[in-house]
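Engineer: Have a look at this one before I ask anything.
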Amino acid sequence: MLTWVIRVCFLILGGTTGVFSLPALWVKLGIGHILLINNPYTDALIGALIFYLITFWAVKYVEAALNWLEEKLAKIAIATLIYGGLGLFVGLVIAFFASNALSQTNIPLLNSVVPVILTLVLGYLGFRIGISRRNEFGNFVNNRNAKKKTPEEEQTEEKSKKTYKILDTSVIIDGRIADILATGFLDGTVVIPLFVLAELQHIADSSDTLKRTRGRRGLDILNRIQKEDSIQVEMYEGDFEDTPEVDSKLVKLAKVMGGIVVTNDYNLNKVCEFQNVPVLNINDLANAVKPVVLPGEKMTVLMVKDGKEHNQGVAYLDDGTMIVVEDGRKFINETIQVEVTSVLQTSAGRMIFAKPS
């Protein structure tokens, strides 16, 4: 069906081209006075025939290009297409009025070449601005249409916005977020952006075995979260095409939605704090629920290896907390009692320093 549609379009294009182009050719060839040849019907027939013959070679390329375009458009959210189309329309309207003004001049370059360039450039810029700023336009329209709210309603709305929890790739692969959500410690709606899902799929398709395993684990965690009846899950289909990095997209999305980024990525945590974007690091939660260890407290540990500094030994608690023991190297593979001297607490984890008691 598509093949015949393409051929019909070529026939129409060929007939139109023949009507407007062939009369000048007949005059140059010296046969313009022959009415049987130089008439619109013959010109249209010859042009259509030539273009129809071209379709036997060109139709497969045109069909492949249309299929490629259809696949690309199918992956784009409808809101993106609408705002991109509106931006393109505005750009073309501006180019039309500018071209009309330039056509009044007697300078050949300004009234012929420049209007074409303006149409292409302004049309492209309008399309790109419409896509990249679609979220801001949407918020502007919503704010214009919104009725005047009371302070209580504004407070309730602000509170509901803060209930959006936007998951990043690292926290999904980690897996602990599924258990945290199931227990109800995090309220509100879980937002999973499509660009995060795409990154997970890319990791799951990796040739590296470790990456492939991590990606598939992340997809399994997402399926588990979606199947939980007590968890509200929303998919965000938009994208920020002017921003290639997923972390930067998450920060922008949190600003647009007024939500909170949930992560265990130390660098993303710092970026969110720098840009005043609310962020929850589940490593902070994990550290907060660990048993409190105070300086002077004694504990029994198994020395497993030597430390980085001279004569240091390293042991671990059951929850994985590292204990650095001064002068503990000589006790490797032995169970000894140590006394806590200090505790270092960060978002990356907790480290305990001790000495043999």
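We count from 1, first residue shown onward.
Here the Cβ of each residue, glycine as well, is placed from N, Cα and C on the backbone.
In case it's useful when we look at the structure, here is the feature table from Swiss-Prot:
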- D229, D247: Mg(2+) binding site (BINDING)
- 166-278: domain 'PINc' (DOMAIN)
- 292-353: domain 'TRAM' (DOMAIN)
Engineer: Return the single residue from the binding-site residues list (D229, D247) that has the minimum number of other CB atoms within 10 Å.
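Structural biologist: Looking at the binding-site residues D229, D247, the Cβ with the fewest others within 10 Å is that of D229.
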Engineer: Please state whether DSSP places D229 (Mg(2+) binding site) in a helix, a strand or coil.
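Structural biologist: DSSP assigns D229 (Mg(2+) binding site) to coil.
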